[in-house]
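Single-structure report; data block below.
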Amino acid sequence: MFGHVFSRRTSFLVRCFHVAKKFSNPEPEDILFSALCLNLRQRRWNTLHQFSSSLTNPLISRVLREFRSSPKLALEFYNWVLRSNTVAKSENRFEASCVMIHLLVGSRRFDDALSIMANLMSVEGEKLSPLHVLSGLIRSYQACGSSPDVFDSLVRACTQNGDAQGAYEVIEQTRAEGFCVSVHALNNFMGCLLNVNEIDRFWKVYKEMDSLGYVENVNTFNLVIYSFCKESKLFEALSVFYRMLKCGVWPNVVSFNMMIDGACKTGDMRFALQLLGKMGMMSGNFVSPNAVTYNSVINGFCKAGRLDLAERIRGDMVKSGVDCNERTYGALVDAYGRAGSSDEALRLCDEMTSKGLVVNTVIYNSIVYWLFMEGDIEGAMSVLRDMNSKNMQIDRFTQAIVVRGLCRNGYVKEAVEFQRQISEKKLVEDIVCHNTLMHHFVRDKKLACADQILGSMLVQGLSLDAISFGTLIDGYLKEGKLERALEIYDGMIKMNKTSNLVIYNSIVNGLSKRGMAGAAEAVVNAMEIKDIVTYNTLLNESLKTGNVEEADDILSKMQKQDGEKSVSLVTFNIMINHLCKFGSYEKAKEVLKFMVERGVVPDSITYGTLITSFSKHRSQEKVVELHDYLILQGVTPHEHIYLSIVRPLLDRENGRP
């Protein structure tokens, strides 16, 4: 009886304790937290807006963690906070972002997590370093009950941004903090190294894998195969394939596609076909060709001009049940256009449409380009009109193809009008087409028109480059208008644009032709980088004016800059030409022997200059002797000079009429 009473009293006391707890004063943040959660569950955004000024990052993070089992709703809240809360838009946003990343990775919403990471590290976003993001993720790791997958995701975010160094730093720091990224993250990093052409670094990381406790998977082997194929080492790639089989790792279709594409790019179509035919046998009948496989082979044959074989592979592709796609048709359309069969290319486009495929901008560009190359202006413009009628958005390649095509065929006025329409509609903002128009106006000696193009570029706010200025500078220099050329150059410098070697060489050439050798040499001395064209220009002008001493000095400078490599065939031809003009024939012959000794092979210009000069001022025997010497050095004779000068001498020597 007493036990029963005691039990009831205990129960009563416990109930009293809970009631007391229930009616105790809760913390203000707890009240706000409960209100936020209640309204968030019912998506009452207008009501939530009333609390925005009271939000703190710890509170935001707490709400996000509360909804870890509802990641979609948590993400909606996170995005709402970013749009409406001033606190979260400051540097304090970072804490909530890290919590959100943990929740998204935990719920396998990797794309959303990667998007937040990319925004944190982008110039448009917070512009945080990968290591800064990593530190935030590590701080919130425990509270969010996260997994190492979050570090894999950060590595992937870096590699997607092309930041190989950032990915490396994350991997190293993660290891230093007692965590470890998976082999998938390491594969991502190594793939990024290959994409940015850091081949040596790729091999270094690959060789360290085993010592770090990683086991290669099929993706690792595929990367190694890709690396060898990238360097056209097909035999080594095949060796890796067989090593993969010995390790008990079965290949996938990517393994074969890497090798087949590598073979096609090196032109080894026989090897590509062998791999295509043996895919089943080499994979234990687990792998069969897909659209990528067939497209690689079709593209390879198209590049080789073997359209018959490309069509045969397309037939095999259809028979095997693999549908042709835009890439299949794109390769064939381009190949038929290159072969001058535009009608067949257009027929393929109709076939595409009948199969429900879209003729994309790339394919249209290809057709327009080859029609212009054939000189079929009306056909090209008709295809362009068809693009417009189908609301197909033209890109900068379309614009460049049309402008160049019209200019190339003499329709410069039409090209200007087309460019004007593009600029007015603001469809594409690209300086390449403006530069093309300037080039053609300069070539046609319409410098005032070229000036107008430059002016319109400035009005449109386009960022001019060295080609824009260089084209106009070269045009004015060729017309002998040195002062105007220098005005444009000064304008370029005032706009903080960097000159290049081509512009400097044009100015040096212009000054030299005006007899301003001193000024030309001063420009050369001020140039940080000089090339063979720079020196050849000075050398030519020095020899033209008979200043042999100055020419000798220039030749010495050339040799000092880069040894004998800097003295090219053009240099020797300039020297031989001027020595012959000054009557120094034996000296010219010495220069010839000097160039041969240094491994520079004479060409038909060398042959023509020497044979013509020797035929006028030396005996017939000397001419024939010189001809024989040049032939022995591997020179192909200048046809006209050989037939008109040397052949008659040889016939006379052999007693022929």
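Cβ atoms here come from the backbone N, Cα and C positions, even for glycine.
The repeat 'PPR 2' annotation in Swiss-Prot covers 182-216. Look at Swiss-Prot and you will find 217-251 tagged as repeat 'PPR 3'. Among the features that Swiss-Prot reports, repeat 'PPR 5' is placed at 290-324. What Swiss-Prot records for 325-359 is repeat 'PPR 6'. According to Swiss-Prot, the repeat 'PPR 7' annotation covers 360-394. Taken from Swiss-Prot, the feature repeat 'PPR 8' applies to 395-429. Residues or ranges marked as repeat 'PPR 9' by Swiss-Prot: 430-464. What Swiss-Prot lists as repeat 'PPR 10' is 465-499. Annotation comment: Swiss-Prot describes 500-530 as repeat 'PPR 11'. The repeat 'PPR 12' annotation in Swiss-Prot covers 531-565. The repeat 'PPR 13' annotation in Swiss-Prot covers 568-602. Summarising the annotation, Swiss-Prot assigns repeat 'PPR 14' to 603-637. Marked as transit peptide by Swiss-Prot on the basis of sequence analysis: 1-74.
With a threshold of 8 Å between CB atoms, the same-chain residues lying at least 6 positions outside the repeat 'PPR 2' (182-216) that come near it are 148-149, 151-152, 155-156, 158-159, 162-164, 167-168, 171, 223-224, 226-227, 230-231, 247, 249. Panel annotation: around the repeat 'PPR 6' (325-359), residues 291, 294-295, 298-299, 302-303, 305, 307, 310-311, 314, 317, 366-367, 369-371, 374, 376, 379, 392 of the same chain, lying at least six beyond its termini, place a Cβ under 8 Å from a Cβ of the stretch. When pLDDT values are averaged over the repeat 'PPR 11' (500-530), the model yields 59. Taken through DSSP, the repeat 'PPR 10' (465-499) splits into 26 helix, 0 strand, 9 coil. Distant neighbours of the repeat 'PPR 14' (603-637): 569, 572-573, 576-577, 580, 583, 585, 588-589, 592, 596, 645-646, 649-650, 652-653; these residues of the same chain sit at least 6 beyond its ends, with a Cβ under 8 Å from one of its Cβ atoms.
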